[in-house]
Amino acid sequence: MLRFRCILSTSRSIMSGVKEFDYLVIGGGSGGIASARRAREFGVSVGLIESGRLGGTCVNVGCVPKKVMYNCSLHAEFIRDHADYGFDVTLNKFDWKVIKKSRDEYIKRLNGLYESGLKGSSVEYIRGRATFAEDGTVEVNGAKYRGKNTLIAVGGKPTIPNIKGAEHGIDSDGFFDLEDLPSRTVVVGAGYIAVEIAGVLANLGSDTHLLIRYDKVLRTFDKMLSDELTADMDEETNPLHLHKNTQVTEVIKGDDGLLTIKTTTGVIEKVQTLIWAIGRDPLTKELNLERVGVKTDKSGHIIVDEYQNTSAPGILSVGDDTGKFLLTPVAIAAGRRLSHRLFNGETDNKLTYENIATVVFSHPLIGTVGLTEAEAVEKYGKDEVTLYKSRFNPMLFAVTKHKEKAAMKLVCVGKDEKVVGVHVFGVGSDEMLQGFAVAVTMGATKKQFDQTVAIHPTSAEELVTMRGGVKPE
């Protein structure tokens with residue numbers, strides 16, 4: 001009987017010219033693939049549509065190649081300090097082409113692993129660009145598909161400003177297409193993407209200028225983190241040139257191919273590469289969402305509820321196109337939980353968008369989880385918030401001429417001083433934060449932090465030995 005129903009369903013699908021799936025996923029990025037493969041574990045039929053390389057932003061032009069380039073730039077810093085540790089090493093030459101070739105080969109292998117994963121999970125991989133038709137089906141290269149449930153996970157693309165000559169620059173995705181290290185670079189933006197790219201280029205030897213609209217970078221992060229990184233960029237020993245309160249007004253390309261960047265505070269000449277890193281827009285316009293009643297905000301982000309439902313029944317969305325926490329692990333977690341809810345009877349399974357840890361691969365590093373000081377004050381009131389802070393010199397730089405500071409902050413609330421925010425600036429922040437994120441998620445208190453015996457000598461021990469709490473200013 002079950003086989004008869006399957007044959008009947010397939011016959012109807014063929015006769016109607018529409019191929020049907022229990023779950024149709026539009027977008028082969030981290031969130032879409034994670035949700036598709038998890039759905040297959042529950043025995044449903046799944047189709048996945050993608051027009052570009054599998055893996056989406058993270059694998060191809062985001063966190064993975066970015067981390068490779070960050071690691072590369074770290075080696076330049078190590079070489080800088082080698083003499084102070086007794087090594088006779090100098091940086092004679094850096095070959096951008098070598099690391100680009102190795103990085104691109106690594107990404108290509110990951111693309112292949114994603115495709116193998118889909119095949120191994122029996123997810124049907126449909127290559128092409130998707131758009132909703134008037135009848136509610138999804139069209140790809142002239143063929144029609146329909147999902148009993150349809151997931152939109154198409155991600156986003158970099159924003160290009162409406163400025164005269166803006167087309168002479170490249171976007172943050174284009175950074176990974178550069179064939180050589182630019183002799184002089186201008187990066188525009190104050191968010192984590194701009195900060196990371198500028199730091200990599202500056203440390204690898206490009207004369208790099210970071211242009212920010214206001215007086216600080218990372219203004220949405222905790223004030224301590226924003227202040228510390230901005231101050232570090234202002235140091236004479238930092239190879240980066242920071243231009244505060246600066247906006248680009250015009251870009252002029254000369255006959256020699258070099259750019260002149262006119263700004264509100266001056267002119268930067270002989271620029272080989274201009275990189276726009278001012279934000280990202282969702283890739284939703286080409287989907288024709290209005291045909292199926294999916295509502296978006298004014299920026300084009302898909303509006304979803306706490307269960308990832310859109311305004312259209314049976315159509316859901318996760319990832320960057322929802323505008324919530326543009327982070328790969330968030331998209332993966334939301335996508336997998338969604339599949340559990342839709343296909344495994346877990347009707348209340350959803351991602352809670354709280355205490356999500358993140359790291360900025362800046363120079364120095366930043367790690368953060370939970371509420372900022374300002375958010376805690378707004379949520380609980382100033383009288384309920386207690387702050388613990390520490391600023392010190394990491395041991396790595398105890399014997400080097402070059403010095404870097406580290407800074408840490410715990411944001412605690414209530415009489416029991418529940419830790420609701422952990423913010424870390426300095427070497428090692430990326431690797432130390434994950435464990436503290438678990439503690440924050442579990443609701444640990446300052447007393448429990450204090451009862452933890454420190455690992456010495458480490459930077460992380462500061463987080464369990466801080467004393468002298470203060471109130472917000």
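The count begins at 1 with the first shown residue.
Heads up, the Cβ atoms here are built off N, Cα and C, so glycines get one too.
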Given that Swiss-Prot records Ser30, Gly31, Thr57, Cys58, Lys66, Ala130, Asp320, Thr328, His456 as binding FAD, the matching residue among Glu50, Glu124 is Glu50
Remaining residues near the recorded glutathione site, that is with C-beta within 8 Å of the centroid of the site residues Ser30, Arg37, Tyr114, Arg336: Gly31, Gly32, Ile33, Ala34, Ser35, Ala36, Arg38, Gly117, Ile332, Gly335
Measuring Cα to Cα, tell me the gap between Thr328 (FAD binding site) and Gly279 (NADP(+) binding site) in whole angstrom. 16
So of Ala190, Val359, which of the binding-site residues has the fewest other Cβ atoms within 10 Å around its own Cβ? Val359
At the level of the C-alpha atoms, what whole-angstrom distance separates Gly279 (NADP(+) binding site) and His456 (active site, proton acceptor)? 40
Just to verify a number: CA distance, Arg219 (NADP(+) binding site) to Cys63 (disulfide bond), in angstrom, no decimals. 21
If you count the C-beta atoms lying within 10 Å of each candidate's C-beta, which of the binding-site residues Arg37, Arg219 ends up with the smallest number? Arg219
Which of these binding-site residues is closest to Leu326 (NADP(+) binding site) if you go by CA atoms: Ser30, Ala130, Arg336? Ser30
